[in-house]
Amino acid sequence: MIPYKGKYHFTSESVTEGHPDKVADQISDAVLDVLLEQDPDSRVACETMVTTGMAIIAGEITTRGYADLPQVVRDTIKEIGYNNSSMGFDWQTCAVLSSIDKQSPDIAQGVDRQDPENQGAGDQGMMFGFACDETPTLMPAPIFWAHQLSQKLTAVRKDGTVDFLRPDGKTQVSFEYVDGRPVRINNVVVSTQHAEQASQTDIIDAIRTHVIRPVLEPSGFFNEKDCEIFINTTGRFVIGGPMGDCGLTGRKIIQDTYGGMGSHGGGAFSGKDPSKVDRSGAYMGRYIAKNVVAAGLAPKCEVQIAYCIGVADPVSVLCTSLGSSDISDEVLTQAVRDVFDLRPYHISKRLDLRRPIYKKSACYGHFGREIPEFSWERTDAVDDLRAAARR
């Protein structure tokens with residue numbers, strides 16, 4: 001458990017959409033979206049691997065829809081920005097291999113029900129949600145600001161502000177905390193792929209000027225004179241993306257969530273339809289935790305939900321303030337049980353999860369971005385939670 005007394009540092013990282021693991025995540029979720037758009041009841045478990053000049057898709061899919069998998073892959077890669085074979089990965093020329101089977105009937109019989117309200121969980125496991133009052137979107141400060149840097153790094157590449165940047169990149173932010181509260185940014189790390197001709201001096205100047213300062217100066221935590229800044233510290237990052245590292249779906253689960261703050265059940269999200277509680281349960285956990293904090297019941301909240309395959313009701317539910325509230329965890333947990341139906345069908349219905357919304361979630365965090373598609377970021381249950389906690 002993270003200490004809440006004294007001074008300490010906490011660090012989180014983010015990657016851009018051109019990072020090979022994120023390329024894989026986006027392809028998996030692009031396939032999911034194409035199928036959900038045609039058939040909202042699609043069962044999808046789509047895994048992707050990308051490497052030099054090649055993308056491989058495998059998994060289990062049962063659907064009434066159709067996906068032109070090579071075209072989905074190429075469109076996604078093109079949108080990310082791998083548009084030249086010199087990068088080792090080019091949307092026009094990369095090979096696309098696929099191996100797709102139907103969902104196992106053994107799993108399907110545990111999930112499908114004549115009464116859809118009693119739909120069983122698609123797997124066993126535990127999922128976590130987290131929220132805290134460190135940022136306006138109730139996310140931990142380190143991951144929030146790391147994602148802001150990654151998004152800006154991509155933006156200045158795509159709009160041509162810094163024309164020598166390439167798609168792959170990573171950011172990292174370390175915060176100093178005092179008695180559990182973030183007080184300043186202690187150090188920042190940015191690594192970005194770049195064109196062959198770009199000099200280290202030009203890269204450092206561009207990242208400081210166009211990425212770090214515009215993003216972090218408004219935060220209130222950043223003093224450049226009192227912050228270590230590390231930019232492309234190997235001195236060269238020309239070979240990147242799937243040419244530099246093999247990318248796989250589901251290998252960035254910490255930055256997909258809370259940057260290491262709070263717990264993680266281990267399940268990845270991308271490529272999975274809402275019947276997979278790895279995804280829908282974690283989204284519901286975030287929704288609950290965010291509403292608990294927004295309701296003023298606790299400045300920090302962690303929710304755990306656990307399921308058994310084929311069983312609709314969770315086998316356990318916990319809502320804890322991690323010692324940050326005068327309201328007991330027992331009261332918080334009972335309030336959550338009173339307000340929210342945590343059966344998979346009702347999670348999907350409440351959050352309207354059977355929509356083609358997932359490709360947007362596949363990079364820069366599934367949580368903490370308050371866009372219309374992300375229903376789990378709403379705070380529309382605060383009144384119900386306050387009333388339940390008073391009972």
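Heads up, the Cβ atoms here are built off N, Cα and C, so glycines get one too.
Here Swiss-Prot flags His19, Asp168, Gly169, Lys170, Arg236, Phe237, Asp245, Arg251, Lys252, Ala268, Lys272 as ATP binding site. In the three-state DSSP classification, Lys252 (ATP binding site) falls within coil.
Over all protein chains present, the Cβ of Asp21 (Mg(2+) binding site) has 24 other Cβ atoms lying within 10 Å. According to DSSP, Asp21 (Mg(2+) binding site) is assigned to a helical segment. Annotation source Swiss-Prot lists Mg(2+) binding site at Asp21.
Residue environment of Glu47 (K(+) binding site) contains 21 other Cβ atoms, counted within 10 Å of its Cβ in all protein chains. According to Swiss-Prot, the K(+) binding site annotation covers Glu47.
Per Swiss-Prot, the feature L-methionine binding site maps to Glu60, Gln103, Asp245, Lys276. Long-range neighbours of Lys276 (L-methionine binding site) (same chain, six or more residues apart, CB within less than 8 Å of its CB): Ala45, Gly122, Asp123, Gly267.
Residues or ranges marked as region 'Flexible loop' by Swiss-Prot: 103-113. In the predicted model, residues of the region 'Flexible loop' (103-113) average a pLDDT of 66.
Within 10 Å of the C-beta of Asp245 (ATP binding site) we count 16 further C-beta atoms, all protein chains included. Cβ-based neighbour count (10 Å, all protein chains) for Lys272 (ATP binding site) stands at 27.
Here Lys272 (ATP binding site) is positioned 12 angstrom away from Gln103 (L-methionine binding site), judged by their C-alpha atoms. Between the CA atoms of Asp245 (ATP binding site) and Asp21 (Mg(2+) binding site) there is a gap of 9 Å. Cα proximity to Asp21 (Mg(2+) binding site) (within 10 Å) is found for the following binding-site residues from Glu47, Glu60, Gly169, Arg236, Lys252, Lys272: Lys252. Cα-Cα distance from Lys252 (ATP binding site) to Glu60 (L-methionine binding site): 21 Å (rounded to the nearest whole number).
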